[in-house]
Amino acid sequence: MSREINVNQMIDDSKLTPFHWRVIILSTLIIIFDGYDLVIYGVALPLLMKEWAIDPVTAGFIGSIALFGMMFGALIFGTIADKLEHLGVSRKKVIAVCIILFSLCTVLCGFSETTTQFSIFRFLAGVGIGGVMPNVIALVSEYAPKKFKSFFVTLMFSGYAIGGMTAAFLGSILVPLYGWKIMFMIAGIPLVLLLPLMKVLPESIDYLVRKKKDETVRFIMTKMVPSYQYQPDHVFVLNSSNQNQAQAPVKMIFQEQRAFSTMMFWCSIFMTLIMVYALGNWLPKLMIEAGYNLSKSLIFLFSLNVGGMIGSILGGYLADRYNVKFVTMGLLLLGAISLSLLSFQFSSVILYILIACAGAASIGAQIMLLAYMAKFYAPNVRSTGIGWGLGMGRVGAILGPILTGWLLSLQLPHFYNFLALSIPAVLGIVTVFLINDRRMYQPEPISPIANQNDTTTVKVNEAVSH
């Protein structure tokens, strides 16, 4: 008589092991590549505008091209990853395709000789960048113990800020010496690391169970739950909501009275992405306009991403102990205050602190929203929900650089530029508050192991001793 082993429940109840850290470190590395490729446009922008005689409005549109690609990437790759598993296209393969796409096209940007060529490659790179995010989030969420889910997702996405910090730091050293193209050449490193990375990154556990790859599942479960002892009568199963993931349509993210909250997630991401990409693309130029040189302006961008990393990790830690909604709202409030204060004149040290706070708020709140969605949606629609949230919210990312370029073209006093950027933070507080947590996914309270033909509950501590 067979005994069912619910792998999702065992992972939810597991304690942290080296295998968990392997998943989070490798996933964070992917997001570091992602963040670097996205931020380097802001690093190169001052020299690009000078070399190609680009006006602020045109520069804003070029900056939004990659974000437009990210919208398509998130919508396409976020959705098809939940549908293609029955064709043998695993989530890890989708991630690999996205890495190749954004790395190769970013390198090709460095060989561009016209704004048209540059824009085409930035768009294609954006498709890859946008596609990798929902799939890596879904992968990490599958392997994260329940009490660490928010922390794992936000820790992983602190890699975006690390990538931005790396781009800003290297840019402050290399760009004045070698020009802007060197930054795009460095983006080819993921292509070299791809094969070893894919070899050690585990496949989606849900995919492995559905495909009956029992030997691999058994190996992973013994790594994640060392006390688990496999028996020949054990049969690996998933939560009922995970079983038919490949057949999950987009409409499911609107069902069970989730439609309004789904729309509020979209609006919240829209607001945070306006801030993230307006600052990420234009902060060096804004600080140059305020009277700082190129190297120092790039250090301000470095400070923004340092704040983003701290805000992401701290926010994830707090979200697993308190309400993720109010942690996100608190970060947005910090953003509204710090961006408003940037409108005034302060010493460089105070400016660094305020910009770091703005990074914690904008980047941190954006990443908190991704962790929020990972908890809100059931596993069978998680990648779809996150992908569509990122895709629809990308409209804000697209508008952010364009609107900031338009603001600069008006040549308004420095005061108004940052004051305008604080408005999305205020609106974001409202939209996050309106998300209905009563519609959040609740996994069924079942034992990790039960008799397939007997519904009698087996105690959890017995699950690892049979």
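The backbone N, Cα and C atoms fix where each Cβ goes, and this holds for glycine too.
Some features that Swiss-Prot has for this protein:
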TOPO_DOM  1-22  topological domain 'Cytoplasmic'
TRANSMEM  23-43  transmembrane segment
TOPO_DOM  44-60  topological domain 'Periplasmic'
TRANSMEM  61-81  transmembrane segment
TOPO_DOM  82-93  topological domain 'Cytoplasmic'
TRANSMEM  94-114  transmembrane segment
TOPO_DOM  115-119  topological domain 'Periplasmic'
TRANSMEM  120-140  transmembrane segment
TOPO_DOM  141-150  topological domain 'Cytoplasmic'
TRANSMEM  151-171  transmembrane segment
TOPO_DOM  172-181  topological domain 'Periplasmic'
TRANSMEM  182-202  transmembrane segment
TOPO_DOM  203-258  topological domain 'Cytoplasmic'
TRANSMEM  259-279  transmembrane segment
TOPO_DOM  280-297  topological domain 'Periplasmic'
TRANSMEM  298-318  transmembrane segment
TOPO_DOM  319-325  topological domain 'Cytoplasmic'
TRANSMEM  326-346  transmembrane segment
TRANSMEM  349-369  transmembrane segment
TOPO_DOM  370-387  topological domain 'Cytoplasmic'
TRANSMEM  388-408  transmembrane segment
TOPO_DOM  409-414  topological domain 'Periplasmic'
TRANSMEM  415-435  transmembrane segment
TOPO_DOM  436-466  topological domain 'Cytoplasmic'
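Taking every listed stretch (151-171, 298-318, 326-346, 349-369) in turn, the largest tally of C-beta pairs under 8 A with the transmembrane segment (415-435) is reached by 326-346. In this chain, the transmembrane segment (326-346) lies out of contact with the transmembrane segment (151-171); the count of Cβ pairs under 8 Å, excluding pairs fewer than 6 apart in sequence, is fewer than 3.
Counting same-chain residues at least six beyond the ends of the transmembrane segment (182-202), those with a Cβ under 8 angstroms from any Cβ of the stretch are 19, 22-23, 26-27, 29-30, 33, 36-37, 40, 43-44, 92, 95-96, 99-100, 103-104, 106-107, 109-110, 143, 167, 170-171, 174-175, 220. Taking H, G and I as helix, E and B as strand and the rest as coil, DSSP gives the topological domain 'Periplasmic' (409-414) the counts 2 helix, 0 strand, 4 coil. Counting Cβ pairs under 8 Å to the transmembrane segment (349-369), the stretch among 23-43, 259-279, 298-318, 388-408 with the most such contacts is 298-318. A contact between the transmembrane segment (326-346) and the transmembrane segment (259-279) is present, since 3 or more of their C-beta pairs, 6 or more residues apart, lie under 8 Å. When Cβ-Cβ distances below 8 Å are used as the criterion, the transmembrane segment (388-408) is approached by residues 56-61, 63-64, 67-68, 70-72, 74-75, 78-79, 130, 133-134, 250, 253, 262, 265-266, 268-278, 281-282, 285-286, 289, 369-370, 373, 416-417, 420-421, 424 of the same chain, each at least six residues removed from its ends. Counting residues 6+ beyond its ends, the transmembrane segment (298-318) has Cβ neighbours under 8 Å at 35, 39, 42-43, 150-155, 157-158, 160-165, 167-169, 171-172, 175, 279-280, 283-284, 287, 292, 327-328, 331, 351-352, 355-365, 367-368, 371 in the same chain.
When pLDDT is averaged over the topological domain 'Periplasmic' (44-60), the result is 85.
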